[in-house]
Amino acid sequence: MNTATRKIPRRKKNRIGLWSVYLVLALIYIWAFAGMGVPEIKPTAGQISKAIFNGLFHPDWSFVSEPGGEDLLHGLLDTLAIAVLGTFISALLCIPFSFWAARNMSKGHTLSGTGKFSLSFIRTFPELVMAIMFIKAVGPGSFAGVLALGLHSIGMLGKLFSEEIENMDLGPAEALLATGANRFQILWFAVLPQVIPGFLSYTLYRFEINVRSATILGVIGAGGIGTPLIFALTSRNWNRVGIILLGIIVMVTLIDLISGYLRKKII
Amino acid sequence: MIQAQKKGVPQPPSKIKGYLTAILVLLLLWGSSVNTESSLSEFIIGFPNMLDLLTQMIPPNWSYFDKITGAMLETIRMAVIGTTFGAIISIPVALFSASNIVQNSWIFYPARFILNLIRTVPDLLLASIFVAIFGLGALPGILALTVFSIGLIAKLTYESIESIDPGPLEAMISVGANKIQLIVFGIIPQIQAHFISYVLYTFEINVRAAAVLGLVGAGGIGLFYNKTLGFLEYDKASSIIVYTLVVVLIIDYISTKLREKLL
């Protein structure tokens, strides 16, 4: 039993690197909290949150279906319609983008690089700002929401689609090329059959996201359930806020369940 | 001979299912377009309006950048603080939702249900509710981002906790470790890289979300969208958009590099 055997080998750690990470983090937090100042909480905050909770547990059931048509079910249906159409438009429009951005379809690294960049540019453009711009073009209403979702979703769908294309098996395409197929035939018989399940699954996934987004488009006047919600919030009609929130939660959960089931079946 | 060949070829699967699905999808699209009053002609009529808007947006008003820098920094601060609080709160939530730590299904199913519930409410709705409670300012925005982050980080984390290697845990149980020791020495070392990566990912999303929270009055640069678009100052609005894009792209780049290094 000499001392050498008892020595536990110490793991070499990059101490300086670790401490500099901590230092940077600390600086970021000092900067963040120092800039915020002490939050002022309104004295009515407790009262209002109580009222909201009260409204959540005593929702205004009469709002679910009203003869005038400005009710919850119509709002939710409108929201769904915006999401369906927006997703469909973006699923069609993003296909050329995805082939452009896929490394194995575009010629050269720079070309696919520009495709990828334009997709990330579209992704970072907030959909609400897009909706504001479309409202200027087609007027307030659901159609502006459809266009905003359709354009914004291209960013994410195009990226996912292009990754799907990059991950496909090139064997069938080569085999077709060897038998003398032209580019269109290769695309139709070798590429599409491989990527369509993935495309459908991503489209459904994006549909789930779009349903959520469509619920907030109404905040700026682009249709859907958001408009009555904002009215109810500003007029402090908490029971109505409660029923709308419940409606949104139920709808989103149902859509997630259905879409999840379909996605499992597709892949 | 011919019959034998025919027998060898299997019947192609019935196409009725495909046709039915196609009809269903078409009906869905038709119904949706009727419901939203979408029409291509309206879009084409409105298109010049949009081009007009775009020409007013270009070039951006570069001198406006000085004025909105403060709000931009506030946006990043909101995202930093919201993500941090969300990450801290989501640690216990994730532990309670993981079925290999809490074996009692009366605990982890309700925890997951609450997480699902949180994730169904979009962040802008949360923000507008918090604005109603706390008034205008950054605080409702931070709270909305916190709640939103809990939903995302806790879900991703509990899923990665459930997929960890059970070997070290079994070894520790067999030598008599308690729950706390199990978590500190068995689970945390296995998931910490993933956890940090999820936090960074959520931070990226939160920066984008924080940039529009101001539209409902929850602080950050979004407030300036209302101001400039309300006064029809589109060159200023486009400078806000460009600024946001640049900041978001830089943060995304840094965060992606960090995440690549972590995993």
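Including glycine, each Cβ sits where the backbone N, Cα and C put it.
Predicted automatically and left uncurated, TrEMBL annotations should be read as such.
Fair warning: this is a prediction, and the values are worked out from it, not measured in the lab.
Under the heading domain 'ABC transmembrane type-1', TrEMBL lists B:72-255.
When Cβ-Cβ distances below 8 Å are used as the criterion, the transmembrane segment (B:79-103) is approached by residues 111-112, 114-115, 141-150, 152-155, 157-158, 161-162, 164, 166, 169, 179, 182-183, 187, 195, 199, 202-203, 206-207, 209-210 of the same chain, each at least six residues removed from its ends. Per TrEMBL, the feature transmembrane segment maps to B:79-103 (among others).
Feature annotation from TrEMBL assigns transmembrane segment to B:124-153 (among others). With a cut-off of 8 Å between Cβ atoms, the residues of this chain six or more beyond the transmembrane segment (B:124-153) that come close are 74, 77-79, 81-83, 85-87, 89-90, 93-94, 115, 118, 195, 198-199, 202, 205-206, 209-210, 212-220.
The feature transmembrane segment is assigned by TrEMBL to B:180-200 (among others).
Annotation source TrEMBL lists transmembrane segment at B:207-225 (among others). Cβ atoms under 8 Å from those of the transmembrane segment (B:207-225) belong to residues 68, 71-72, 74-76, 78-79, 82, 123-124, 127-128, 130-131, 136-142, 144-145, 148, 236-237, 240, 243-244, 247-248, 251 of the same chain, restricted to positions at least 6 beyond its ends.
Residues of the same chain lying 6 or more positions beyond the ends of the transmembrane segment (B:237-255) and with a Cβ under 8 Å from any Cβ of it are 57-58, 60-62, 64-65, 68, 72, 75-76, 200-201, 203-204, 207-208, 211, 221, 224-225, 228-229. What TrEMBL lists as transmembrane segment is B:237-255 (among others).
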